[in-house]
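> This is the structure I have questions about; it appears just below.
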Amino acid sequence: MTDVTEHTAARPRADFLHRFSVRDAGTLIGLVVILAVFGALVPGFFAERNLINILQQSSINACLALGMTLVIISGGIDLSVGPTAALSAVISASMLVAGVPFPLAIAAGFAIGLVCGLLNGVLVAYVGLQPFIVTLGTLSTYRALALIYTGGNPVLGLPAGFRAIFNGSLFGLPLAVIIVAVVALIAWVILKKTPFGEYLLAVGGNEEAAYIAGVPIARTKIAAYMISGLLAALAAQILIGRLGAAEPILGNLWELDAIAAAAIGGASLMGGKGSVVGTILGAVILGTMRNGLTLMNVQSFYQLLATGLIILAAMLIDRVTRGRG
Amino acid sequence: MSVIPRLQFEGISKMFPAVRALGDVSFSVGGGEIHGLLGENGAGKSTLLRILSGVYRPTAGRVLIDGRPVALNNPVAARAAGVAMIHQELQQVPHLSVAQNMFLGHPLTRGGIFVARREQERRAAEALAAIDPTIDPAAPLGSLKVAQRQIVEIARALLDRARIVAMDEPTSSLTPSEFERLAEVIAGLARDGVAVVYVSHKLDEVFGICHRATIMRDGVVVDSVNLARVSEKAVVSMMVGRELAQEQHRSHASSEVRLSVRGLASATKVHDVSFDLHRGEVLGIAGLVGSGRTELLRLLAGADRASSGTVEIDGRAIKLSNPRDAIAAGIGLVPEERKREGIVPLRSISSNMALASMGVFAPRGVIDHTRLKRVAAEKMKRVNLRPFLLDRPIRLFSGGNQQKAIIGRWLAAGTRILLFDEPTRGIDVGVKAEIYHLIEELAAEGHSVVVVSSELPEVIRLADRVLVMRDGTVAAELGRADLSEQAIAAHAIPQSEARAGTARHVGVTDRTSG
């Protein structure tokens, strides 16, 4: 596959196709198959409204999964995204209810996400603790802070104006979907076109070699966790905009869906490997499964089972096709 | 030696999809013989060893032990047939005891349930007594030196009553006296009638301890020779398939001092090192493993922090608190352990090359891929990358080509001082010459080069001047005129080991004195 580069370099179109990796094509085929199956089984599945529904339902997970993908590529993991989102949500929400201007309240929510990510990153990069343990610890810590801050009660009655921001639509698409699409585009540019993207891949692929080559290891890792925190905060704003309320327990188990989307999309938990396109497709696959099974009135137990099987199937296909370099 | 050979390969072929790894390999090894297996990387040595140890099954041909064909269908079957394999990277568990490691996978038990730890340790001690009684069977394996771990592996082979012992590059990290000890143990195995297959890159070792050798190239046997009757040079040309030109050393050193190191020390391994490096000079650093050579390079590359001392470049003092400082000052390290410290395996040649100079390729924050491709093509042509596939993941290239890409990385970063740690470790004889050539050309262009190497011929071939390190400090400085293997060895070896060290150069025929 890689052998063709010399011939294609001159042609931008072929170059684009070349960049669309074999692994991403596999994920896309998986999505097409799943869509076809539901299309055949569920009447009205392909209705425009339902397809938009799927995108909308996938958008929050996709948003988190993009940050997760960057962290996973750097060789880490972020289990704290759900509680980070919750903390960001309740603080923004309480400011909104208190009458703070929208931009300020939203900025405060983003700042919370960045700070949560910063703490994760510093503990991983400077203190040298294992990412799994660090974010397991902050998972409880951030959740506890959200619960303590609210006394365990939801923050209700968000202003209609705020809700309108995230519930609007543009060109017939929900604004949430468009926001996440823009975020995905930015993430793709970061990974493919910036030194930071190369550094992420190098740090996750071989930290020692990256260090000798002068890559700023700590800064790279911390930035990945901060982006993950920021995107968790963005997901939180989208959610509370939709619901009109912020619960301190929101975002429970979000980290697992985000990891699943990244893994289905080809990210390796060993680090050094992952794809923005793949992760988006992975999130849409999970969203499609949920939507289709719900329309078929399948019990939620079986939905969980299906999700599990999809993840395992993706990993098995990865394993089987790996040998062909 | 009996008439029927202990081990016989008969027409062994091994096909992988689209690749013939081995073609009609036949040779035999007698009981009590130490048989060298030589060849460049990819010649098929490892495949043959894997067939012998039951990891691969041959596509055609058979293996005979004591004249009888054996089915080596899996590692357990190979072990049962009396084959013991001693791997290059020891497959041991450091947290477990010596005895537990020796019985790994088939522990002695009481009633099939409980591990009979005492009994294991007793039996392990018996096996060890014959070769190295100083090793405590109850000690954690991780507390042993690499050489002692090799001995433990051999003791394990004795425990299994192995009739054939295959060793893959057993001496890659041993000191001369440790090598001497290992050579004695191997000779002891042979005296007991074991057939030893000995794979090594180091020709002097093979000539030192082996009786005969089989030379392989591109999956076929070139010849099996009696080592007493051939020269090293003849063996090398059989391995490479052509005559390697003997090249003369040429110096390009100027009088201009590029790098000046004074009183450099680290917390543990390096003490009070001072030297100057000139423009266009190749400075060799010799010394035993553990003498502080690698640690010195890591200090200069900013990978570790010095506890005291100064480093000046072109007369200006520089701070080296991380590799970025060193790179900014024009220093780049080509590390010894390429897989661990050099390459990012999944990334392309271009990405690996650009890693140290991302700022140059992304002046406005976004990588200029057109420019990156152009520079990569230019630098990789310069180092003669083969195959010339810049977008291919670096892990799919040979060690020599990975090394070229790392050199290209520093050329792209505008590095003026190149630090090579064991520049040709794990690199084929043919590519070695290319790397030497490249180092000389870099010096001729005005780069300053430091080469740390354990291979004395390599140091002598390349260096304008040699520092010999011992116990973390510079024990001697040798100019071109004083340069010889003997002179280096005399300064490198601590007094207590001097006798063992010279014994190594005499060869194992002298082993009775040890």
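Yeah, the Cβs are placed from backbone N, Cα and C, and that goes for glycine too.
Fair warning: this is a prediction, and the values are worked out from it, not measured in the lab.
Feature table excerpt (TrEMBL):
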- A:25-47: transmembrane segment (TRANSMEM)
- A:59-77: transmembrane segment (TRANSMEM)
- A:89-116: transmembrane segment (TRANSMEM)
- A:123-145: transmembrane segment (TRANSMEM)
- A:165-191: transmembrane segment (TRANSMEM)
- A:222-240: transmembrane segment (TRANSMEM)
- A:260-288: transmembrane segment (TRANSMEM)
- A:300-317: transmembrane segment (TRANSMEM)
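Structural setting of the listed features?
Long-range contacts of the transmembrane segment (A:59-77) within its own chain (CB-CB distance under 8 A, at least 6 residues past either end) are made by residues 85, 124, 131-132, 135, 174, 176-177, 179-180, 183-184, 187, 190-191, 200-201, 203-204, 207, 220-221, 224-225, 227-232, 234-235, 238-239, 254-255, 257-259, 261-262, 265, 267-276, 279-280, 282-284, 286-287.
Panel annotation: around the transmembrane segment (A:123-145), residues 71, 75-80, 82-84, 86-87, 116, 217-219, 221-222, 225, 248-249, 255 of the same chain, lying at least six beyond its termini, place a Cβ under 8 Å from a Cβ of the stretch.
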> Cβ under 8 Å, sequence separation of at least 6 from the ends of the transmembrane segment (A:25-47): give me the contacting residues as numbers and ranges.
264-266, 277-278, 281-282, 284-285, 288-289, 291-292, 295-296, 314, 317, 321
> Please work out which recorded stretch in A:89-116, A:260-288, A:300-317 has the most C-beta pairs separated by under 8 angstroms from the transmembrane segment (A:222-240)?
A:89-116
> Using Cβ atoms and a strict cutoff of less than 8 Å, what residues sit near the transmembrane segment (A:89-116) while being 6 or more residues removed from its termini?
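Cβ under 8 Å, 6 or more out: 80, 138, 142, 146, 149-150, 155-159, 161-162, 165, 226, 229-234, 236-237, 239-240, 245-248, 250-251.
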> Go through the chain and flag residues at least 6 beyond the ends of the transmembrane segment (A:300-317) whose CB is under 8 A from any CB in it; none is fine as an answer.
26-27, 30, 260, 263-264, 282, 285-286, 289-290, 293-294
